[in-house]
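S.K.: For reference, the structure I am asking about is given below.
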Amino acid sequence: MPVNDNESTETRHIKIFDTTLRDGEQSPGASMNLNEKLEVAQMLVELGVDVIEAGFPIASPGDFEAVREIAQTVRGATICGLARCAEKDIDRAWEALKGAPQPRIHVFLATSAIHRQFKLKMTTDEIVERAIAGVTRAANVCDDVEFSPEDAARTEPDFLCRVVEAAITAGATTINIPDTVGYTTPTEFHARIKMLIDRVPNIDKAVISVHCHDDLGMAVANSLAGVQAGAGQVECTINGIGERAGNCSLEEVVMALRTRSDFYKVDTRINTQRLVPASRLVSSTTGMSVQRNKAIVGRNAFAHESGIHQDGMLKEPTTYEIIRPEDVGFAKTDLVLGKHSGRAALADRARQLGFQLTGEQLQAVFERFKDLADKKKEIYDGDITALIQQQISGNNQAEWSLVDYEVRNSRTSTPTVKLTLRRGDEEHSAEVNQGDGPIDAAFWAVEQITGMKVVCKDFQVHSATLGRDAQGETTLEIEYNGKTYRGIGVSTDTVEATILAMLNAVNRIAAETENASEA
Ligand SMILES: CC(=O)SCCNC(=O)CCNC(=O)[C@H](O)C(C)(C)COP(=O)(O)OP(=O)(O)OC[C@H]1O[C@@H](n2cnc3c(N)ncnc32)[C@H](O)[C@@H]1OP(=O)(O)O
Ligand SMILES: CC(C)C(=O)C(=O)O
Ligand SMILES: [Mg+2]
């Protein structure tokens with residue numbers, strides 16, 4: 001690999017294509033509801049991404065609705081929908097996207113020998129024909145068409161050049177080169193992008209994009225190698241979430257390009273001060289926590305523990321910091337609000353944390369904030385994030401809500417939970433005397449009232465902040481009728497947090513059942 005292909009002194013612009021809402025959502029357990037997707041999409045606009053891949057419209061009515069709603073309401077970025085090389089997929093994607101000021105249809109078809117032989121059962125000629133047909137159909141309705149030869153990194157070079165040339169001739173304006181299974185290496189991927197630039201005669205009619213997965217931990221390095229070779233778009237996700245080991249992490253690739261702009265000589269439109277809020281929003285929305293030592297956005301990313309480092313930092317921060325924490329959005333202080341704060345301060349803090357609340361949401365969060373302020377002296381970012389997250393994850397439209405509960409428990413007796421829930425105007429109560437502890441008993445009580453028998457697949461309680469009076473944040477995954485649902489609940493009492501998390505998940509099931517019966 002040459003030291004740097006870009007001998008020009010001009011700065012090239014790299015488009016950031018965010019696929020948190022599509023490939024990111026393919027992370028097991030990371031499904032988001034409509035409100036959550038809208039919230040993330042708004043944040044992505046604020047962050048300054050060029051393209052938002054909002055979903056895969058044919059996949060489900062929920063995916064279709066999310067892409068449609070984002071296309072109708074979110075402004076300031078290209079809105080993209082994914083489609084297989086199939087007429088019904090492309091038509092459905094367009095149905096969801098039309099009306100957006102800058103729509104993009106993203107058509108994909110696998111090209112590698114393994115995928116051709118075992119998955120698609122198609123010959124090379126059939127693949128080329130199908131790619132041309134798909135891109136042509138998309139280009140007939142939409143000016144902006146992206147084509148991805150899936151598993152391009154493992155596709156025979158001659159065949160890859162042939163498919164790419166055909167797709168551009170058919171009307172593709174972006175050619176995305178995916179390393180679908182995270183198999184390539186930086187040197188190899190650089191050579192592959194360079195090969196396409198050198199060999200495909202009409203390549204200058206399209207923007208080359210890279211889409212790298214992290215199976216060998218090289219997604220960011222491979223994407224950077226692609227940029228170095230001439231790619232003009234990087235596909236990535238917040239916190240690197242995505243199928244299996246995930247995708248190229250947006251915050252890492254953006255900060256690498258920016259911090260080493262002396263080397264890459266490129267820029268992006270990203271407002272880097274929104275990176276930490278975006279990371280927190282996606283983490284709390286998907287329930288996928290960020291490891292402490294994660295580059296750029298992890299809690300320890302700018303923590304200096306050892307004496308020699310601290311000494312250096314005190315003398316001159318650049319001795320040990322290549323990025324200023326405030327440049328990626330770490331707040332200087334974590335202590336924020338108290339019982340005398342008003343709505344304006346809360347809304348402002350919410351915005352800094354990455355949430356754009358509607359008036360109704362702000363009011364609901366404010367009421368819970370005041371309740372919390374009566375219980376807790378100091379309210380931290382973690383508390384506010386937890387309250388907001390619970391609000392936007394659907395509890396505002398809850399079918400079931402908590403009225404009251406009472407717990408009796410001791411080391412020697414079976415726990416008892418008396419629970420009252422509200423559904424519409426009616427209250428429903430149950431008293432159970434079973435389970436391994438009060439949390440288990442609370443599960444039984446919710447099941448008894450709602451009539452939903454679920455299997456708990458994952459259950460975690462985190463402290464939202466520090467201190468004895470910290471709120472407990474319960475996140476859980478339950479299985480119902482073969483599908484997994486996520487729930488989040490927050491309270492200074494972990495039994496209450498568990499009941500709220502359970503109701504959050506139950507309400508997702510109820511909303512989905514309602515949507516399915518309406519469709
Ligand atoms: C690399 C990626 O990330 S690709 C995106 C992956 N994302 C997802 O799959 C999430 C959403 N997917 C879904 O909801 C479903 O798979 C659906 C709705 C798209 C399709 O569901 P089903 O019709 O039941 O098909 P199923 O998922 O079992 O199999 C996929 C079919 O699509 C075909 N296919 C796969 N990719 C493509 C493509 N790019 N173009 C055309 N056909 C394709 C497969 O060969 C298979 O066809 P077959 O049933 O004739 O063998
Ligand atoms: C749909 C394509 C671009 C994809 O996600 C992949 O190949 O990883
Ligand atoms: Mg992918």
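For all residues, glycine too, the Cβ spot is worked out from N, Cα and C.
Per TrEMBL, the features are:
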type: BINDING; residues: Asp23, His211, His213, Asn247; note: Mn(2+) binding site
type: DOMAIN; residues: 14-276; note: domain 'Pyruvate carboxyltransferase'
type: REGION; residues: 401-519; note: region 'Regulatory domain'
S.K.: Return one of helix, strand or coil for Asp23 (Mn(2+) binding site), based on DSSP.
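M.R.: In the DSSP reduction, Asp23 (Mn(2+) binding site) maps to coil.
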S.K.: Within 10 Å of the Cβ of His211 (Mn(2+) binding site), how many other Cβ atoms can you find? Include all protein chains, please.
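M.R.: Neighbour count, Cβ to Cβ under the 10 Å cut-off: 31.
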S.K.: What is the number of residues in the region 'Regulatory domain' (401-519) that are helix, strand and coil, as DSSP sees it?
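M.R.: Taking each residue of the region 'Regulatory domain' (401-519) in turn, the totals are 38 helix, 50 strand, 31 coil.
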S.K.: Other residues near the Mn(2+) site, CB within 8 A of the CB centroid of Asp23, His211, His213, Asn247?
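M.R.: Everything else in range on the chain: Thr19, Pro178, Thr180, Cys212, Asp214, Ala219, Glu235, Cys236, Thr237, Gly242, Glu243, Gly246, Cys248.
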S.K.: Please list, in sequence order, those binding-site residues from Asp23, His211, Asn247 with the Cβ less than 6 Å from ligand 2.
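M.R.: Those binding-site residues that pass the cut-off, since their Cβ is under 6 Å from ligand 2, are Asp23, His211.
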